[in-house]
Amino acid sequence: MEVVEVLHMNGGNGDSSYANNSLVQQKVILMTKPITEQAMIDLYSSLFPETLCIADLGCSLGANTFLVVSQLVKIVEKERKKHGFKSPEFYFHFNDLPGNDFNTLFQSLGAFQEDLRKHIGESFGPCFFSGVPGSFYTRLFPSKSLHFVYSSYSLMWLSQVPNGIENNKGNIYMARTSPLSVIKAYYKQYEIDFSNFLKYRSEELMKGGKMVLTLLGRESEDPTSKECCYIWELLAMALNKLVEEGLIKEEKVDAFNIPQYTPSPAEVKYIVEKEGSFTINRLETSRVHWNASNNEKNGGYNVSRCMRAVAEPLLVSHFDKELMDLVFHKYEEIISDCMSKEKTEFINVIVSLTKIN
């Protein structure tokens, strides 16, 4: 499985689309706004650029993408008015892997711009937008061309499934029953990927440029702790139930692994300091409930829909597409039972960085 070819959120605007099932991600963007705001204020008030070049890496599609744009424009507009400056030109780069539904994203752009003008007037901008398909573990932009990089709920995804994890049988991710060699392989791949990410962004950002990165993570130093692995363990349970029913072959489940690593703040700090291109301004964690909806009665349904929007393309690349409704029905039942018995939360790691040279 080539991750770059199959990793993307469900496109379009249907029942299983990411656009209609990304409330958790929206809440996280709103929760991290104070950190984003401070980073952008510090950047703008130190450089006062006439053109502000911003990249959203792992932008996906839907309202959340435009929520980020709206936040950043409003922050800059408020700050430039304090100094009596003319509004800068804004140049937003939307980056994601080639399978992302860029068509749906850009079809929504006109309505978003009109709505933004209604809220903050005509005096800002102009705004320019471009789509940049490709892996953010490679170079994406010209040298020293960016002022600000933003990424939310993307950097936990790996560039590939780690090598040497063939013995992770019965699991689809790191789990309490995973051999130590599997845990080490996942961390090794994460360290390689995140180091490359920092290296390439340091080449693309100008001196003093900022990054605000939010990713799924954990507070525990145990990479198999429930706070980061449990959601995937429950999906593995759903798949294994279909194995028991003879609908999926056991070896198919054994051969499937999620290309993701959810780091601790200490791991993020270690890799940033080891790579050496950035200083850490803030490094924090936050929590958000699996069920971001206020509708508690349908918690299992809401969470399974959210996870389907995220994971279905990966699953379809390996399993029969016709089984997806059944897989996520089983998953919903398992999640509902789990949520009735215990507290279920995602842990977010947020880091604000400044490029040194």
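Each residue, glycine too, has its Cβ placed from N, Cα and C.
Not measured: the values here are computed from a predicted model.
Mg(2+) is bound by ASP254, PHE256, ASN257 in Swiss-Prot, and the record lists one more residue there from ASN168, ASN196, ASN302, which is ASN168. TYR150 (site 'Involved in substrate discrimination') has its Cα within 10 Å of the Cα of none of the binding-site residues GLN25, SER135, ASN168, PHE256, ASN257.
In this structure, the CA atom of GLN25 (benzoate binding site) is 29 Å away from the CA atom of ASN168 (Mg(2+) binding site). Proximity to LEU97 (S-adenosyl-L-homocysteine binding site), defined by a C-alpha to C-alpha distance within 10 angstroms, is shown by none of the binding-site residues TRP157, ASN168, ASP254, PHE256, ASN257, GLN260. Between ASN64 (S-adenosyl-L-homocysteine binding site) and ASN168 (Mg(2+) binding site), the C-alpha separation comes to 35 Å. Summary of the Mg(2+) site environment: with the site residues ASN168, ASP254, PHE256, ASN257 set aside, the chain residues having Cβ atoms within 8 Å of the Cβ mean position are ILE165, GLU166, LYS169, ASN171, ILE172, VAL253, ALA255.
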